[in-house]
């Protein structure tokens, strides 16, 4: 069986001891053995005890010390116990021996002994546990498992031996009587990662096939099985734990390659700065993963090369020396090294990182003015104007509270007219006017200013004196605006003040006392246009009657604004407000509200509540007196008016029934003012039929019956406009028809006689004489005798139809287009027509000059003589033509 961990092999008892020298001799200090031989496994774990050497000190006491010849791999205690300082593989060492030295600190004597290491040639054997059989009294048999702890198998990671490497041999005591087959299962065997461990099924040798990596898998849990050739289980499976022993195969790794830290300048020694950390993938419980830190270098090495130190276990960096000054060295750079194997420089692996330490500024430098005196100037009455800039120097870091300057005025400005804010970029002091300065009061200022920082000086920093400066400010005179005093000015007047009444004098004074300027006045704002101001002396008078009830008066106040201007260069002006408080007078008569109301035909359901409204205030308003007029008499007979209060009255029907309709009811109201005013207001009342709720049900009929005068006028105007539009449309249609008919006349240009057509006055005849078809003038050949005058068109004075003499029909014009000839023939026919009007009148025509192509028209003096005509038909025309018949148709008597 193979023990592991910190347990010694049982073979230590077989150490060979060679004792040199014989015989009894005096006490000689030294080791009891000249050489020690130790048989151990190839892999020795950290802390594993190998042996204990014996030394005879001969009473030398505590002055004796043991030393290991290879302290990196082995260490020895004061009692002589030798153990491994780290996990190692003996075959990897240069030698298989170790030298132990004993030294007397007092006499400086030394003694040495060698320890030789050897490894067993056989692999450890792991046996399946045996079982005992316990027989009880009832003949029952119980199998009891013996308590057997199987030690784990240690395998060094990254082994360089030949593979497969035999680890242990698994064996059962039943293989003497049976042929057994061995196998293993679990991760690394038949599970991922498969094939790492294999077992010889006959001999039971368990081997590893390749190097192992503890950082990947630190241990394996396998199960060993033993079966016969038929597959029957011969032993219960046993657990085999394989631990991968760590080797120092990983360097420390810093979590950051560059570390940034800060510390105040002037910090005391021992001030914490920062902590750096690193990690090692090796086993942290062994020296392989135990790290130690140290500072390799510091840049710059000022004022000392060791301004900082680091805790080798925790990585905390602290200051170790005084003299950190940001103004001299603003930043330090440290190279930090982390080494495993507890910092062993020979066997340990190391890595480096950079630590950048920036010194934070503290206020160890006070601001200093660049000059002792600063100059500036400012116009009077100006605010928020920068007069001058104050400059300082400060060696502290810009932009920090230790650098930012704060300026204060300690003298020369008792009224606080100036302030000095700081420019955040340039750190300059901006001397600014915050209250207006007056040239007439102060022509110059002399300020004393001090400068400090936002934070006080650091402790231990002292300065001899505080930096101060003088600021000389000159005030520039400017033309100032005239000022009204008081502004606003209030006066109290009664309303109704007549036109051209003098109200008050509103004047302004000029602040520029040394300029001797003239002030003129003008009106700037007068919404009701009631006032005027004298431009020379500022006297204000009325140009209209003041009315308190005007919409421009708010809360009895009327505001007007006036302007005063001087004659300076440039001109300056100021404004002032005049507030007139108007006292009420009784200048408004009361009136009824509402102006319209509804009431039922019968008095029971409801009544009308009326209110008196007056634009005046008390005592020129209520209480009011309400009264109905005596005339006409039916008003008091039909209605009754009852006063409810000083401002209200109730109107109701006095009779049992009043016909529905709209009534204009006069109501007289008198106010209570001194010299009271009365007014008669007409209340428009709509009397209607009501339902049982007292609501009107025939309001639409009443509204139709009560159409107002304005509505009637509007309706009439609309009707007139509509008629005019219709008439204009008809006239336009007739004119268009006439133009269309005129275009149908085809006139031969050679026979056109339009330039000779003369207009004659016509006396007699009617519209029907001109009613002819123009188309017939163009086609006279188609005229028929019975179509010359249409049937049904007759004159009222035309003679009755009877047999008449036949006249020859006019021949058609030789050419349809010869309108002139057609007209001549028409005239001839008219001359011979006895029915043509006038029958008994002498037609006299004005002389129109010679050369007329129309010739003479027919008349009573025509070429035909009376003797050639037969006038007997006149007797048939009736009594109206009796006289004419006697003149022409009678006999000689």
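Placed from the backbone N, Cα and C atoms, the Cβ positions cover glycine too.
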Pick from 116, 609: which does Swiss-Prot describe as N-linked glycosylation site? 609
Taking 157, 301, 327 as the options, which does Swiss-Prot list with 213, 215, 249 at the Ca(2+) 1 site? 157
Annotated stretch (transmembrane segment, per Swiss-Prot) among the listed ranges 670-690, 691-711, 712-732: 712-732
When you get a sec, could you say which of 738-776, 777-815 is annotated region 'Disordered' by Swiss-Prot? 777-815
Which glycosylation sites from the set 260, 312, 442, 609, 638 come within 10 angstroms of residue 559 (N-linked glycosylation site), judged by C-alpha positions? none
Name the one residue among 312, 389, 679 whose Cα is closest in three-dimensional space to that of residue 609 (N-linked glycosylation site); these are the glycosylation sites. 679
Please report the distance from the Cα of residue 679 (N-linked glycosylation site) to the Cα of residue 638 (N-linked glycosylation site), rounded to the nearest angstrom. 22
Segment confidence, the topological domain 'Extracellular' (147-711), expressed as mean pLDDT: 87
Glycosylation sites clustered about residue 389 (N-linked glycosylation site) [Cα within 10 Å; pool: 260, 442, 638]: none
How far is it from residue 312 (N-linked glycosylation site) to residue 260 (N-linked glycosylation site), counting Cα to Cα, in Å? 19
What Cα-Cα separation, expressed in whole Å, is found between residue 260 (N-linked glycosylation site) and residue 638 (N-linked glycosylation site)? 108
Report, in whole Å, the straight Cα-to-Cα distance of residue 442 (N-linked glycosylation site) from residue 638 (N-linked glycosylation site). 86
